[in-house]
Amino acid sequence: MSNAMFCYQCQETVGNKGCTQVGVCGKKPETAALQDALIYVTKGLGQIATRLRAEGKAVDHRIDRLVTGNLFATITNANFDDDILAERVRMTCAAKKELAASLTDKSGLSDAALWEASEKSAMLAKAGTVGVMATTDDDVRSLRWLITFGLKGMAAYAKHADVLGKHENSLDAFMQEALAKTLDDSLSVADLVALTLETGKFGVSAMALLDAANTGTYGHPEITKVNIGVGSNPGILISGHDLRDLEMLLKQTEGTGVDVYTHSEMLPAHYYPAFKKYAHFKGNYGNAWWKQKEEFESFNGPVLLTTNCLVPPKDSYKDRVYTTGIVGFTGCKHIPGEIGEHKDFSAIIAHAKTCPAPTEIESGEIIGGFAHNQVLALADKVIDAVKSGAIKKFVVMAGCDGRAKSRSYYTDFAEGLPKDTVILTAGCAKYRYNKLNLGDIGGIPRVLDAGQCNDSYSLAVIALKLKEVFGLEDVNDLPIVYNIAWYEQKAVIVLLALLSLGVKNIHLGPTLPAFLSPNVAKVLVEQFNIGGITSPQDDLKAFFG
């Protein structure tokens, strides 16, 4: 059977090789093709923008926003709307033409920079020749797409920071230059390995920028107990990562009799001081993104997707799914509003008022809010616990959750940890163990949740601070084990960021990425001692003796 598409950007790709007929995520071949075309023209735009800067000419910030938006829209489980994707291709072609007109030197521009299309049929035809498999060398292809997937994650973080008024020209310039370099056939494998690590370095900058944006706007996360039950009022469930969307929704629902609940990666919003004043901000409903087909059903009210992860909705609740920002799905209502613009949530609020209250699926509380500022405020307590031997090791279990049955490994691993270990987590991987009763060590909970996937930055800050406090030369001398779960491209930039900080001995699961060729995987093993996972029992024995 010939390939109708090829995509291998997520952990769940078929056979850990690639989706060739339809995406496990639900992406159809036409959608995959339009995403391929969009990435291709975005790389071309990056080439033109990079050359303009080299000529000393300014590149307008709206171009930066177009690039980050394009990259973000192609992240797994973000946008399934072919019309939106085709329109983004058109916008990018127009931007290329506009910028190219200002170039003094137009020689040697790539096809990606010069190709134009307005009809969807032309985009689909082009996609067949410019996707992943267009690069024939296994190792060059592997590195080009490792970099591209890392840039997608970086773009997501840059966009969230931009929404809150923070952006760095150097970050945008790097993203565009790196995209252009993935078109450059003169670059060797060694050049691309160096670019991969440079991508990680800028990934740290992107996460630091977003951390500053979030904490500067909403305060530093603090230890918080979050309700996981429900109230008697109708509600709106907000999923994704965009805190500005949440802020606007909370303001507009105040006094309406409609409660607001977080879902999946929105859970950490409860940790920010600025959101605690809203009495109708009730709690968190459900678990990680992949359980949404059951949980959106039982929530009963409308659901707002602000970013990934959206699973193609069932007909039974599709009319209750609203998208905004870069998210799109054909047939779902989209709430417009670009960066800096007001979003009108009156339609979803009116819809909520016609719905019954959420069906309770669990009750009780979970605790979180252990980002770097909060943990460093407890530094003396933590340091004393380490020095006394009460805490023997920390285990970083940040990252993503997913559908695979093999991910029960992380629950079993957490349950089997020695009682003198503390889990440091961020991202939706936490749902595999954040409701277990793992207790505490001298009042320090054994699961310290820093927040969303981007808050893996907090875990790096904590590690570097501990290195300083204990007077160590190398961050790898700390009593920290890294056992990270990945799913999509934001996890890729987190991994590259950790590597750029010199962190070694990271275990990545439940499988290593399909886009790592054997030789590229070998380089990562040799330089950073990256490994996979086996069984909970064997890994516990290997990590803790």
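Cβ from N, Cα, C; glycine included.
What Swiss-Prot says about this protein:
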- CYS7, CYS10, CYS19, CYS25: [4Fe-4S] cluster binding site (BINDING)
- HIS241, GLU265, CYS309, CYS400, CYS428, CYS453, GLU488, LYS490: hybrid [4Fe-2O-2S] cluster binding site (BINDING)
- CYS400: cysteine persulfide (MOD_RES)
Fewest-neighbour residue among binding-site residues, criterion Cβ within 10 Å, set HIS241, LYS490: HIS241
Assigned element (helix, strand, coil) containing CYS25 ([4Fe-4S] cluster binding site), judged by DSSP: coil
Binding-site residues near CYS10 ([4Fe-4S] cluster binding site) (Cα-Cα within 10 Å), from CYS309, CYS428, CYS453, GLU488: GLU488
Additional residues around hybrid [4Fe-2O-2S] cluster, ordered along the sequence, whose Cβ is within 8 Å of the centroid of HIS241, GLU265, CYS309, CYS400, CYS428, CYS453, GLU488, LYS490: SER264, TRP289, ASN308, GLY427, GLN452, TYR487, ALA491
Around the Cβ of CYS10 ([4Fe-4S] cluster binding site), the count of other Cβ atoms that are within 10 Å: 26
Other CB atoms within 10 A, centred on CYS309 (hybrid [4Fe-2O-2S] cluster binding site): 26
Inter-residue C-alpha distance, CYS7 ([4Fe-4S] cluster binding site) and GLU488 (hybrid [4Fe-2O-2S] cluster binding site) (nearest angstrom): 12
Residue pair GLU265 (hybrid [4Fe-2O-2S] cluster binding site), CYS25 ([4Fe-4S] cluster binding site) - Cα distance, angstrom, rounded: 18
DSSP three-state assignment (helix, strand or coil) for CYS7 ([4Fe-4S] cluster binding site): strand
Under 8 Å by Cβ from CYS25 ([4Fe-4S] cluster binding site), counting only residues of that chain that are 6 or more apart: CYS10, GLU12, CYS19, THR76, ASN77, VAL311
CYS309 (hybrid [4Fe-2O-2S] cluster binding site) in three-state DSSP notation: coil
Residues near CYS400 (hybrid [4Fe-2O-2S] cluster binding site) in space but at least six apart in sequence (CB under 8 A): GLN11, GLY427, CYS428, ALA429, CYS453, ALA485, TRP486, TYR487, GLU488, LYS490, ALA491
Chain-mates of CYS7, CYS10, CYS19, CYS25 with C-beta within 8 Å of site centroid, [4Fe-4S] cluster: TYR8, GLN9, GLU12, THR13, GLY23, VAL24, LYS27, ALA32, THR76
